[in-house]
Amino acid sequence: MLSIFSFKRRPGKLLAEEALLSPPLAATSPSGVEQALLAPSSPSHTATVDTPDKVDGTSVTWYALFVALVIALGSLQFGYHNGELNTPREAMSNCDWSIPSVSDESRNNEATFPPCLSMSDDTFSLATSIFTVGGLVGSLLAPTAADRWGRKCTTLFNNAFYLFGTLAMALATNVTWLVVGRFIVGVGSGISIVVCPMYLTEIAPLAWRGTFGLFNQMGIVLGILITQALGYVLNNVPGWRFALGGSLVFSVMQIIMVLFCVESPKYLAGQTGQAIQARAALSKLRGSADVDQEMVSWRTGLTSLEGTVATTLPSPGATGSDTVSVESGVEDAQLLTHVSIDRKPRTQSIRRQSDRPEEGLTSSKLDAQATQSLNFWTLVRSRHYRPALLLALCLLSVQQWSGINTVFFYSTTILAELFPGKAGLITVLINVCNLLATILSVSLVDRWGRRPLLLTSMTGMACALFVFAFAVSFAVPILSLVGIFSIVATFAVGLGPLSFLLAVELVDTKAAAVVSSLGLAANWLSNFAVSSGFLILNRVMGGWVYLLFVSILVATIAGMYFKLPETKDKSTQEIWRDMGLVD
């Protein structure tokens, strides 16, 4: 049975840095109760919680799975809108005004819904690619929203973008409204693709970190499959409108179900005065009131790299950008650093206070400094962060430059000449293959490790792209099927899910949100370039356009072979040591 369906895991290597993929706890000025929650447990208390299930995070509750599935509905909606124009394109855009159902009256009367929206290839490319522009905007807004309003509220209100955008498309009377709707759902998708992985990781037990992280990719893949299947069945007039509006069901489901979910306990712990609420949320997720050991492990993970990073960050005054504060040693409060993205320019400072509260930080200072920021220039100037940032940007860009979305966006168009009348059905089967391969990746990611799975995936994808380019160029139908199914399978088992996971595992907690946001910005820009330019290049180069993607993958494989470390079961210190960044 795949590990995603089991409720117990073998204890693996224990990591104190459980919080690597999520924003850390904030500096607080704790009350007596909060101090007890965040301070190290006494020896006698530790003895009561130091059991395998309670310390190593090998168990998972039904409630935690419920919350994970509700969160993944956001990823599902992203996947749904990502591929919604592919299969119903013919009915939606190829208007045949000679048929009786398309009368001049309905065509010219804007008070009614026209049966179709006539679009050229260039206009269809615009309607497809504008989604990525909205996604870029959403991914840049998401970190601020998630830090200010929390993961739960951001997830809840993000459905407004999905609702309004979907209605604009389904009820569109012209191409302009279709494009506007695509942009709006793109914004919602950009927010989802940042917040969902963050939220999932922050509720996950330690041993389930990789699996919960893949719930995001599972949601995306399932969303693409659903929209392609609906588009195939409803590829008619007025069925295409119902296909575009189908995601309303998932928006309403998430709005209702998220009300029964807890806020991320790590987010709550990062807010001043919210330690009690954080403990209550964690207790509900774990099904146990005894969660002190896990909360203590958060602090341990956050402070382990503090000294190392502090010595390599730019000196005060090196840049006029955001503040980076490194604080340590407050004995009673056990100071933890919280990072948020603050785009207002500030004077950079790196301070270390005395180990004694009376000699260093006071409670009021801790409250004032509960939120500090880490920005792009700080990452670039640090010799520890810079290599990891470049690897993350490369992985998330290459995910799009592999050409995968040319399959999800345009497979019906590409296969129509080779398989007249069957291209839509083949597209649905391609997405079934995508789902099965993604399920397989869940069982492999913590068994094989990230590095070998990623390199194998990219190598297989490069070979499959070469086969597909040859088959399309010389019109070999069966070989083209082998190629396109292999492209999707090899992508889904490695490059698809691992790009997001590795981007945040390569850095410590303080940098994870910024690296994710920058990486996703690069991902959206690459997506826009590929989706908007592919049909043009395909007209000029034919099937050989796929050799461009092959060359990009080959270059990336070579680079990752020499530069990418294994991250499975490793702390950030161990990863950086493998990269030669620390002794």
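Glycine is no exception: its Cβ is also placed from the backbone N, Cα and C atoms.
The domain 'Major facilitator superfamily (MFS) profile' annotation in TrEMBL covers 67-568.
Residues annotated as region 'Disordered' in TrEMBL: 32-51 (among others).
Among the features that TrEMBL reports, region 'Disordered' is placed at 344-364 (among others).
Here TrEMBL flags 60-80 (among others) as transmembrane segment.
For the transmembrane segment (124-144), the residues of the chain that approach it from at least six positions outside its boundaries are 81-82, 85, 89, 93, 154, 161, 175, 178-179, 182-195, 340-341, 343, 409, 513-514, 516-517, 520-521, 523-525, 527-528, 531-532, 534-536, judged by C-beta separation under 8 angstroms. The annotation transmembrane segment is assigned in TrEMBL to 124-144 (among others).
Among the features that TrEMBL reports, transmembrane segment is placed at 156-177 (among others).
The transmembrane segment annotation in TrEMBL covers 183-200 (among others).
Sequence-distant contacts of the transmembrane segment (212-234), counting only residues of its own chain at least 6 positions beyond either end whose CB sits under 8 Å from a CB of the stretch, comprise 4, 21, 68-69, 71-84, 86-88, 91, 193, 196-197, 200-201, 203-204, 240, 242-243, 246-247, 250, 408, 424-425, 427-428, 430-432, 434-435, 438-439, 441-442, 445, 492, 496-497, 500-501. According to TrEMBL, the transmembrane segment annotation covers 212-234 (among others).
Look at TrEMBL and you will find 240-262 (among others) tagged as transmembrane segment.
Residues or ranges marked as transmembrane segment in TrEMBL: 388-411 (among others).
Marked as transmembrane segment by TrEMBL: 423-445 (among others). Sequence-distant neighbours of the transmembrane segment (423-445) (same chain, 6+ residues past either end, Cβ-Cβ under 8 Å): 2-4, 83, 86-87, 210-211, 214, 217-218, 221-222, 224-225, 228-229, 231-232, 235, 407-408, 411-416, 453, 481, 484-485, 488-494, 496-498, 501, 568.
As annotated by TrEMBL, transmembrane segment applies to 452-472 (among others).
Counting residues 6+ beyond its ends, the transmembrane segment (478-504) has Cβ neighbours under 8 Å at 20-21, 197, 201, 210, 213-214, 216-217, 221, 391-392, 395-396, 398-399, 402-404, 407, 411, 415, 418, 426, 429-431, 433-438, 440-441, 444-445, 450, 453-454, 456-458, 460-461, 463-465, 467-472, 512, 515-516, 519, 523, 564, 567 in the same chain. Taken from TrEMBL, the feature transmembrane segment covers 478-504 (among others).
The transmembrane segment annotation in TrEMBL covers 511-537 (among others).
Residues or ranges marked as transmembrane segment by TrEMBL: 543-562 (among others).
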Recorded stretches the transmembrane segment (452-472) and the transmembrane segment (156-177) touching, at least 3 CB pairs under 8 Å: no
Chain residues in Cβ proximity to the transmembrane segment (511-537) (below 8 Å; excluding those fewer than six residues from its ends, i.e. six or more beyond): 20-23, 121-122, 124-126, 128-129, 132-133, 135-136, 139-140, 142-143, 146-147, 190, 193-194, 197-198, 339-341, 374-376, 379, 385, 388-389, 392-393, 395-397, 399-401, 403, 405-406, 409-410, 413, 499-500, 503-504, 545, 548
Other than its close neighbours in sequence, what residues sit by the transmembrane segment (60-80), given a CB gap under 8 Å and a spacing of at least six beyond its ends? 7, 155, 158, 162, 185, 188-189, 192-193, 195-196, 199-200, 203-205, 208, 212, 215-227, 246-247, 250-251, 253-254, 257-258, 260-262, 284-287
Over the domain 'Major facilitator superfamily (MFS) profile' (67-568), what is the model's mean pLDDT? 80
Give the one range among 183-200, 240-262, 388-411 whose Cβ atoms make the most pairs under 8 Å with those of the transmembrane segment (156-177). 240-262
